[in-house]
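Beneath this line is the structure, given in structure tokens, with notes to follow.
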Amino acid sequence: MSARRSANFVNTSVTTHELVEFEVPAGIAIGQAMRELNLPNKGDDAIVCAKDTEGQLKDLSHVPEETATFTAVPANSEDGRAVIRHSCAHVLAQAVQAEFPGTKLGIGPAIENGFYYDFDVAEPFTPEDLKTIEKRMKKIIKTGQKFERRVYESTEAAAAELADEPYKLELIQDKGNVDPDSDEATEVGAGELTAYDNVNPRTNEVEWSDLCRGPHIPTTRYIPAFALTRSSAAYWRGDQTNAGLQRIYGTAWESKEKLDEYQTMLAEAEKRDHRRLGTELDLFSFPDEIGSGLPVFHPNGAIVRLEMEEHSRRRHIQAGYSFVNTPHATKSDLFEKSGHLGFYKEGMFPPLQLDAEYDAEGNQTKPGQDYYLKPMNCPMHNLIFDSRGRSYRELPLRLFEFGTVYRYEKSGVVHGLTRARGFTQDDAHIYCTEDQLEEELTSVLEFIISLLKDYGLDDFYLELSTKDPKKFVGDDEIWERSTEILQRVATNSGLDLVPDPEGAAFYGPKISVQAKDAIGRTWQMSTVQLDFNLPERFELEYTSPDGSKQRPIMIHRALFGSIERFFGVLLEHYAGAFPAWLAPHQVVGIPVAEDFIPHLEKVVDKLRARGFRAEVDTSDDRMQKKIRTHTTGKIPFMLLAGGRDVEADAVSFRFLDGTQVNGVPVDEAVELISTWILERNNTQPSEETIAALR
């Protein structure tokens, strides 16, 4: 091959394959250019596809019509894993149709940490079925089937080929109307209508095909490690009025080691599942009589929640926020004005028809009107701002509420406390001038990080969502200036910043605070959202120093997301063992024998006098049984007392890790516990940590 048509590195200073840029001459496949440059095709960093200058992923078989620059996408990158997982979903579907003839295909996208595929099948899948399917998948992968892209000549040609696949036919008919961010876009997004054929490398015969946009890995041998994780019921396109399907979930990684790490994390996550811990620790429940996604907090859970809210309330008052309260329901006119009925009606509960009047004969004399349970608090906060004239001297005005909202989440996505239908937001709306914006955003972000650290989270990064040029309101210049300010504030925080291009809502850019928990999972915690839309819709104004009327800038800020969700996150983060300041039961006295109960009751009385949650276990259980019970109950301080303790006016500490400190004088024990709780120490006390305080 001549030098003119050879591939070239564009960036030769890189040290990881994830950042390698290379030039591909016209008429040459990306994979061929990659081989010329000796980029890896095996191992964790094997190149599985490439990204063009517009951010579009391309198969390695793609041949550019003109010389073009691409970025190599290795298996161990997020994009690389997503492509491997989507290809593994195809292998899953091929295996299911081989093992269960007559199965109809839904969709099979890559998702976070894995993939799924939906099937219309006669009977629900069993655990044994998953083993059989997994075995068939391994055989398919071993053959090294090639993924080959094929463009349909027409919609009619695609429909003819897929005549026996009703769900695929529906997608074909909907092409052009599919939300580009939906799972369905995996199959029929923008551009040509295409299929991917799984081709036997020995016979060159097509073994199986699927409607798909791609891209895909070159062959099934690029799937080194996968596992099917579970199956569940699902609805076609997530709509409960549509056909019921069976969904199989799986995960795939660039190496067996990474798969093992993930499965270990999953096992640990299962132990920490807040739904299970909520039952075991008697914290909350979801009674069928009340309905899906509507939690009930029991006394233990209510104590934790109260402590969470009270600490947050104190911090907000110190930071200059004004507390407000708003009702749970409102006339539909308010949400018409705010735009929520136009944009979010599907996510709202159905309206309540109220205020109609009737005469004695039952004839309606006055029509009723629609009321809605509120999905958001911001429209009501705007009414508070607009309830009287505002001066620039009042700004920034920070309104805060623990406001309960209701959102009609589909039953398939409701998940314990972390995805509920009724929940309470720690919701703030800040009204400020443009000159105050940067200082206020800096203050808000610092406050968020500081408060989250108070609860024991300490590993954060930020995500900046910027304007979608096809979907926004407001002036371009304001968007650009505000985005620059957000970026500067985020950068100055010292936290890692991840871009989310075109990810902003239509009304303004935002920063999201992402936090990692004790086992390395990432949770989106807080959002700081600018809004150029609602101040216009509500015609909000303040009087400026020159007497003119000006629009304030509005900042939406939910720190926890919701109390319920944050409760679930903390419950899993601490595996149920809440820090002593949050724990529903902080101290329990355990007598060696019944005779020592009065001694422990005196100790408990001293602790209660200081406002701590303490009690003596006076049950008939033996001491060792009591220790096991309260260890399982995650009580941070267990105080034991026997004859020597009574004689010395002392107690012995027992901790959740099994360590013990004996013979601590009662007054000293009370001070140690008091210091530990009042300082809001987020670690569990132990022999070592208590010794350090003495």
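Including glycine, each Cβ sits where the backbone N, Cα and C put it.
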Candidates H316, H328, H429, H599, the one Swiss-Prot lists with C378, H556 as binding Zn(2+): H429
Of all the binding-site residues here, H429, H556, which one's CB has the most other CB atoms within 10 A? H429
Would you mind giving the whole-number mean pLDDT across the domain 'TGS' (8-74)? 84
Going by C-beta under 8 A and a gap of 6 or more residues, the same-chain neighbours of C378 (Zn(2+) binding site) are S338, D427, H429, D531, L534, M554, H556
Cβ within 8 Å of the mean position of the Cβ atoms of C378, H429, H556: remaining residues of the chain near Zn(2+): M376, N377, H381, N382, D427, A428, Q529, D531, L534, M554, I555, R557
Local backbone state of C378 (Zn(2+) binding site), from DSSP in three classes: helix
